[in-house]
Protein chains: 2
Amino acid sequence: MKPVRIGICGLGTVGSGTVNILTRNKALIDARAGCDITIVQIGARRDNPNCDTSAYNVTRDVFDVANNPDVDVLVEVMGGTTVAKDLIFKAIENGKHIITANKALIAHHGNEIFAAAKAKGVTVAFEAAVAGGIPIIKAIREGLAANKIEWLAGIINGTGNFILTEMRDKGRSFDDVLAEAQALGYAEADPTFDVEGIDAAHKLVILASLAFGIPLAIDKVFTEGITKIATEDVTYAEELGYRIKNLGIARRTDKGIELRVHPTLIPEKRLIANVDGVMNAVLVKGDAVGATMYYGAGAGAEPTGSSIVGDIVDVARTLTALPEHRVSYLGFGSDFVSAQPILPIEEVETANYLRMSAQDKPGVLSKIATILSDSGISIEAMIQREAKEGESTVPLILLTNKVQDKKLTAAIRSIEALDSVTGAVQRIRVEALK
Amino acid sequence: MKPVRIGICGLGTVGSGTVNILTRNKALIDARAGCDITIVQIGARRDNPNCDTSAYNVTRDVFDVANNPDVDVLVEVMGGTTVAKDLIFKAIENGKHIITANKALIAHHGNEIFAAAKAKGVTVAFEAAVAGGIPIIKAIREGLAANKIEWLAGIINGTGNFILTEMRDKGRSFDDVLAEAQALGYAEADPTFDVEGIDAAHKLVILASLAFGIPLAIDKVFTEGITKIATEDVTYAEELGYRIKNLGIARRTDKGIELRVHPTLIPEKRLIANVDGVMNAVLVKGDAVGATMYYGAGAGAEPTGSSIVGDIVDVARTLTALPEHRVSYLGFGSDFVSAQPILPIEEVETANYLRMSAQDKPGVLSKIATILSDSGISIEAMIQREAKEGESTVPLILLTNKVQDKKLTAAIRSIEALDSVTGAVQRIRVEALK
């Protein structure tokens with residue numbers, strides 16, 4: 001069988017991990033692919049001390065790789081959505097199969113990229129774009145192909161999970177742990193993408209498209225970060241039998257598809273509630289298979305490289321298949337990918353955790369309870385503490401039943417308007433994941 | 001694209017689940033496969049009340065399906081290793097692709113079946129044979145193709161896990177829970193396959209072949225059941241920070257490959273230690289990806305049917321690929337599948353849990369400690385209780401360091417020979433799974 005010739009663009013963390021795996025495990029990978037897989041060119045602005053490229057043809061201009069007639073498969077691991085985008089369109093134009101780890105690029109421009117690739121009859125594979133080394137895209141796109149996916153929920157940002165885990169295990173504050181995560185290199189200097197849920201949103205829309213056969217809809221995702229989670233929220237959640245995790249959730253409902261990333265209380269008994277540190281996990285509920293979960297490293301040079309190389313082997317295995325027989329980009333024949341209404345967060349129904357600071361005097365609770373019951377919201381659980389010495393307010397924690405988001409938002413406004421409640425009401429959504 | 005025509009042999013639990021999924025989710029499945037997937041014939045000795053086959057062509061002779069020229073893909077879900085074996089060889093001879101859920105058949109006769117299939121250029125897919133609805137075979141064979149797999153460990157028998165979970169949660173005895181499991185239909189009237197680890201051994205050899213590229217070696221697996229686990233072992237394990245799970249373990253070592261199924265103490269902090277009830281999970285350690293875990297229902301009509309239908313979609317997607325480009329049966333080009341030495345259990349090194357009943361008098365512990373240290377075995381942890389009122393013996397529980405199996409076996413014999421130790425020494429292996 002003729003060799004499959006790889007061009008790699010980018011030699012950062014993922015690029016170096018990919019090159020190192022292809023070099024170290026070449027015999028094994030060729031045996032699995034059933035053919036010789038060769039790196040014919042690497043495009044990188046600079047070398048990487050973690051990666052010996054002396055045996056390879058290295059260019060400083062990644063477009064050399066896209067234009068290299070000897071390259072069958074272009075691996076884009078540069079990141080970013082400008083040069084990387086131009087590079088991928090150029091490579092598709094030149095008839096090359098594309099493998100990328102670029103979640104932002106797929107989330108924002110996947111629809112156009114898939115259309116261009118389909119016109120050229122080339123593959124676009126992006127296992128590495130979601131949950132690092134976990135083969136979650138293959139699982140949804142192929143392994144669970146029999147299933148009408150009902151919902152999925154994922155811990156798909158390791159930095160956020162590390163922060164929440166440390167806050168729980170050690171009672172540390174968000175800012176304190178974030179600073180350490182940055183020092184450890186788990187978090188970027190600008191942590192916005194991680195802590196505001198943007199990175200998770202990129203991954204969620206990709207998973208949702210695979211699960212439901214919808215075009216990528218990054219502009220439709222509701223995103224709420226973990227920056228406002230206080231140590232006491234973590235503690236109260238535990239008292240109530242829950243863990244707080246930053247989840248990406250996609251659910252099929254009669255009214256439309258839910259797409260949301262936000263901190264979430266999960267019953268501590270759920271396996272996914274016990275996924276700690278920088279690890280990732282995705283829980284997928286299918287109508288036939290029931291609940292399945294996929295766990296592993298969500299980032300890192302070789303875990304992410306593992307997914308890139310897995311895609312390379314897949315491409316090698318299907319090179320001779322007719323394009324219409326290859327697994328399509330989103331797992332559905334692209335004629336079948338159709339837009340479905342995305343439910344705005346206001347319409348989404350969830351249970352909720354509420355924490356407020358109330359005056360320590362009679363009648364306050366009844367006022368709050370009245371506001372909630374008037375909105376048809378019932379209280380499932382409550383924690384009330386006695387006021388500390390010399391304090392005039394007490395923390396009040398409530399768990400509500402399932403309620404439409406906008407109804408609860410309105411009720412919270414009314415509660416905040418009470419003289420007897422000081423400051424804002426903390427609100428965190430709750431998911432049973434059953 | 002021309003339709004893919006399916007023949008289904010067997011209409012028991014898995015067969016009916018498969019037919020029901022293909023019927024209910026046909027539009028979705030066709031969309032994912034990119035072609036029309038049609039059941040052209042069902043072979044079953046009798047009907048199944050859980051499955052409406054009125055729309056299908058049903059025959060009482062499964063060989064009609066194997067000989068039906070309109071059948072492209074034969075799905076064998078009858079079970080057993082006699083008729084099912086003849087049927088599959090006949091179907092291969094007739095050039096049909098094979099999909100089976102038959103773990104015993106693949107474990108015992110997979111090597112011959114793959115050879116015959118290769119000669120005919122047809123696919124043999126068996127995702128449903130291991131861990132029911134969890135796409136673990138696809139994950140190892142494709143998703144982790146970049147990795148040199150170092151080891152895998154799985155809870156791959158739901159009945160055994162249900163029994164051990166109940167023993168722990170409710171302090172019930174093995175026999176008590178087994179009786180209930182049989183009443184609930186989790187366990188067969190003859191539970192030998194489940195409780196003696198035979199079923200797990202079938203699945204383990206399949207996973208090991210995929211992981212290491214070795215022929216199926218069912219005769220080389222060390223198998224120990226869970227029948228001898230006492231409620232107090234479960235309790236002592238918890239005191240020591242462990243859970244007892246029935247694991248199938250395959251590990252690559254310099255001396256050879258370990259293939260073993262036995263009750264195992266696992267640190268309770270490990271995610272897999274928290275997989276309870278009838279659920280299955282497989283932990284796979286790759287050199288690039290690190291540890292990944294796959295969790296879901298290990299049995300049942302639709303979970304297992306989900307894997308069968310996933311295989312059907314895979315076959316449909318690769319029908320036009322050249323045989324040498326299709327994913328090979330064990331994930332390695334079959335020319336690369338090579339026997340490697342399997343390490344006999346005597347040579348395997350593990351830590352161990354020991355429980356014995358010792359005379360409540362001075363010097364006993366020192367005798368036992370001396371026997372162990374003379375064999376180079378050190379004690380990592382110990383529980384010793386005071387004798388109960390009127391009892392002359394006390395339970396003594398020890399955790400050893402990692403030691404060669406035969407060395408510990410010899411030491412146990414010496415300990416059992418002591419006058420001051422009454423009865424047999426209970427011994428359960430320990431795995432850190434790190």
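Here the Cβ of each residue, glycine as well, is placed from N, Cα and C on the backbone.
Remember, TrEMBL labels are computer predictions, not curated facts.
Because the structure is a prediction, the values reported are computed rather than measured.
Summarising the annotation, TrEMBL assigns NADP(+) binding site to A:Cys9, A:Gly10, A:Leu11, A:Gly12, A:Thr13, A:Val14, A:Gly15, A:Ser16. A:Cys9 (NADP(+) binding site): 28 other CB atoms within 10 A of its CB, across all protein chains.
Summarising the annotation, TrEMBL assigns NADPH binding site to A:Lys103. Other Cβ atoms within 10 Å of the Cβ of A:Lys103 (NADPH binding site), summed over all protein chains shown, number 24. According to DSSP, A:Lys103 (NADPH binding site) sits within a helical segment.
The annotation L-homoserine binding site is assigned in TrEMBL to A:Glu188. For A:Glu188 (L-homoserine binding site), the number of other Cβ atoms no farther than 10 Å from its own Cβ, over all displayed protein chains, is 14.
Taken from TrEMBL, the feature active site, proton donor covers A:Lys203. Classification of A:Lys203 (active site, proton donor) by DSSP places it within a helix.
Annotation comment: TrEMBL describes A:353-429 as domain 'ACT'.
The recorded positions listed here (A:Lys103, A:Glu188, A:Lys203) include no residue with a Cα within 10 A of the Cα of A:Gly15 (NADP(+) binding site). Long-range Cβ contacts of A:Thr13 (NADP(+) binding site) within its own chain (separation 6+, distance under 8 Å): A:Gly300, A:Ala301, A:Thr304.
For A:Lys103 (NADPH binding site), the recorded positions whose C-alpha atoms fall inside a 10 Å radius of its own C-alpha are A:Lys203, out of A:Cys9, A:Leu11, A:Val14, A:Ser16, A:Glu188, A:Lys203. In the three-state DSSP reading, A:Gly10 (NADP(+) binding site) counts as coil.
Cα separation, A:Leu11 (NADP(+) binding site) to A:Glu188 (L-homoserine binding site), rounded: 18 Å. Geometry remark: A:Gly10 (NADP(+) binding site) versus A:Glu188 (L-homoserine binding site), CA distance 19 Å. Separating the Cα atoms of A:Val14 (NADP(+) binding site) and A:Glu188 (L-homoserine binding site) is a whole-number distance of 16 Å.
Excluding A:Cys9, A:Gly10, A:Leu11, A:Gly12, A:Thr13, A:Val14, A:Gly15, A:Ser16, which define the NADP(+) site, the same chain contributes A:Ile8, A:Gly17, A:Thr18, A:Val19, A:Ala44, A:Asn48, A:Val77, A:Met78 within 8 Å (Cβ to the Cβ centroid), listed in sequence order.
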